[in-house]
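Accompanying notes for the structure given below.
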């Protein structure tokens, strides 16, 4: 501290007071540490910087109400994955058995880390870059990696909103345009489109009319102009929702977060009234216990937990940074996590009820088609009429009658049976046909809705729901990009937000090529998953092992007014990082054992075929993963070798009446300000000297000896 520092006094208690060390120690009256915070700066520039940060914290926007904040967190965490990815994983991984690993990982990883992100964001009141620089400067790259992952996710996520916009406007027709195959007329002859006839009307509309997809990722095929326009509409909607920050996005959340629940409730009631709905729901809740021991199931459950709660993206931290210091984020973590899980289960009930209805329709269609084959064989004497049970009536053939007839023919004609080409037409087989991700929403669900009375109404409601779910998640994703950058670099909010949307639209043109859907698969399944896991692990380590779990728990007690459950201490300290390390290792091994690939739609075959990514696509994928994780080691190296300043040469402690805020970094050995620290007692390091050596970080609270 300069020897000639002056004493400045203010009459109003909420203005800054800057005093020399001697003046502070010479005060005759004791300092009320509950009502004031100390401010000592090593240099003039340091004083100005701290003053600016204090004023910025005071002027920081805040949520209009607690409800608005909760809806924002729900809107961010509850997204499209709850509607199509969670039901697909249930269907694929053993029905009710999948809920066991998901719930276990939600409790030991999801909720503790969600609470951790809420707490650090609320306490430090900065975006992800500022938060992790504050907790541990050498791990400040975590915040930059979060921003990059948010960018990757936002690029393809808004494309999905664009697809929903396309289907939304196409839904204002009767009959729905994907309800029947198109007819091609060649003179007086009319034939059904061969590609559609081989697949189905909804599949054809998705791949040919909507995406106009190419046969592989290597065949670009140029831009799909319809999807380009829809992408522009999607980015325009997102831009208008986030341009003013939480002032604009907070109001949008009232509709975008609540409307999907209205639609889900309507679909659940309608779905339960459908014939065959119970079959679908029973199929969902019938557990296949062998799946619970499959490591792949646990790995996919962990990934779903990360994406479902928005862990590692920075959106959770950004939203919580606009809270008041005394907000009960402990309650918020439990509430939002429960609502997220409840929404996933509700959406799964709706999906399986509708898929049960669809499975019954497809099973009846199978019975009719195969019954016609059997009648043909009877008329051509290929089969004897003695094989048909006497009570069977072909004009009113039930699935039970067909099953009995099928078994008799298979037993008698065992050697020639395969040549007959008869299908068993089992309802279980239809229910077991898992459809992944976009295929569930844009093929399976849309096909089921074509059989609904007033199908256009249900279609409009469904895709409007998808748009709102996607919008809520995109608002959080954009907050994960803009809030840290604006906080750190003080760029103009509106200009930077609009610039991000424009930039993302032009980069997003990659996804609206005819091969764009394959790039969506690359980004969704691979480019974000591994970096996200690494980010979440390092967040946990930064707080629990470097900053110190005991110290962090003590500061939470100061902030919340009560001590969080001891459960969180053990989760943060031991269980969560160990589980995540195992799951990350499993993910890396899985990538090595099963090379990444994608499902390509082959036009000539009118069917999907699994293809591996070519070498150039693998190089792009590896580059994306490297770019997302690179800031972490780069910032660590730069700060370790003092090539990048972390503000470690000044002691800056601010005091204002009624608030307590710390901005202290490590001190030089002979710094004069160590004199003042001899008069003050800091909260204990608890975790040993390793913490201070790695991060040079003091506790968030500075307390005078009582």
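Just so you know, glycine gets a Cβ as well, placed from its N, Cα and C.
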Notebook entry, point to check: To which of the residue ranges 195-215, 258-278, 279-299 does TrEMBL assign the term transmembrane segment?
Noted result: 258-278
Check: In TrEMBL, which of 50-68, 69-87, 373-391 is tagged transmembrane segment?
Finding: 69-87
Notebook entry, point to check: Given the ranges 567-593, 648-674, which one is assigned the annotation transmembrane segment in TrEMBL?
Noted result: 567-593
Check: Out of 99-120, 225-246, 258-278, 301-322, 613-638, which stretch touches the transmembrane segment (457-483) the most, going by CB pairs under 8 Å?
Finding: 301-322
Next item on the list: Quickly jot the same-chain residues contacting the transmembrane segment (141-169) by Cβ under 8 Å, restricted to those at least six beyond its ends, or write none.
Entry: 80, 127-133, 210, 226-227, 230-231, 233-235, 237-238, 312-315, 438, 442, 446, 459-460, 463-464, 466-467, 470-471, 473-474, 477-478, 480-481, 484-485, 504, 507-508, 510-512, 516, 519-520, 523-524, 527-528, 531-532, 534-535, 538-539, 542, 624, 627-636
Margin query: At a Cβ cut-off of 8 Å, and with pairs 6 or more apart in sequence only, do we get at least 3 pairs between the transmembrane segment (99-120) and the transmembrane segment (258-278), yes or no?
Written below: no
Check: Counting Cβ pairs under 8 Å that sit 6 or more residues apart, are there three or more between the transmembrane segment (258-278) and the transmembrane segment (334-355)?
Finding: yes
